[in-house]
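Down below is the structure, laid out as structure tokens.
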Ligand code: PNW
């Protein structure tokens, strides 16, 4: 890699990120059913109807996987806790094996000198709660607060950082408006409610963790740079609307106690009664803010119902996801988040990485494009730091090839290759390059 650890401030931390459903193997250890299992079982939702039953079987390989993190010289491991593994019914009696699993995992990190960065929810909702309307139900913040209390009473004394919900936009918009993720709805009213409830749940979980005496609490938000398709006012307005719904809505709720006008235009009639009163819960003070960043989208105006935009093809080189590679966007969002929302709060890049075909040839994977991708984005991080943005950590998505949601196992994001038949792990060239860069 072009960059070395010594190019960054002395206290800067490097990590890798994963999530429970994408790697653990949901069939093991007494986890309850989730809405991702039922979504994947419905034909047409997921490529080859693949699900997280076995995934990387991290449930049994966790110790070797933590060795991979430690051997690379990484400081941080970002993992998520499966609600249904801890509370198989979503509420009520905990599953002792589930609590033991996360207890072992956290101790395993500490034994190896890795700081645990916990995310409470990364998308697999217990099915009994999905049956009650899931994120559309105004009771979900209370249920989520209960889960937070149960899991953090067990591991909250030893995690380095914690965040309630991975990517509120994905939990609400991609799942209730685009229908691409569980529960697969295409309904503006469901979307508006989910967007709001996810933020109330975020605030409720922060309160629950403060009540347990925890610190270093944050939020993890995802960002896509919105580029107008042309110079017209209509295209610029469509891109601003996209930016408001995708990037600004959640930060605005948490840091400004309001929602952007361009988003409210379409969403306000569908928000739950009394939504204005919820900002006392939503806007809990945080200790850091996390940004997940992958790409930009080219936005074109479209006739038809709000939000009246459409994504069009762009000219830049693309990853295996079909996502344009646009490293400048990461610097843009780090600067804007700092200047307009978080002012001085530490920022963490909680996810960044790319999918590539990564064929295994003669036992090796030469993923030069991933090395170039990481280098280009680390350049953006360094520029933001040089401009005075307090970026304190950077996590690669992901440690392992894993279950890429609706795209199944074909999209490989890992620094480490996984053979999904033998479950054998093979470090890619990017893993070795990062290891070498971190030692310099
Ligand atoms: C992130 N989009 O999600 C997630 O946190 C990971 O679980 C996931 O594996 C990773 O990115 C790679 O996809 C996103 O379509 C998934 O806009 C989809 C989108 C954005 C973020």
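From the backbone N, Cα and C atoms, a Cβ is placed for every residue, glycine too.
TrEMBL annotates 22, 122, 166, 294, 404, 405 as substrate-binding residues; of 160, 173, 288, 397, the candidate listed for that same site is 397. Note: the CA-CA distance between residue 22 (substrate binding site) and residue 351 (active site, nucleophile) rounds to 14 Å.
For the recorded substrate site, residues 22, 122, 166, 294, 397, 404, 405 set the reference point as the centre of their Cβ atoms, and the other residues of that chain within 8 Å of it by Cβ are 19, 123, 351, 398, 402, 413. Within 10 Å of residue 351 (active site, nucleophile), as judged by C-alpha distances, the binding-site residues found are 294, 397; the full candidate list was 122, 294, 397, 404, 405. Ranked by how many other Cβ atoms sit within 10 Å of their Cβ, the recorded positions 167, 351, 404 place 404 at the bottom. In the three-state DSSP scheme, residue 404 (substrate binding site) falls into the coil class.
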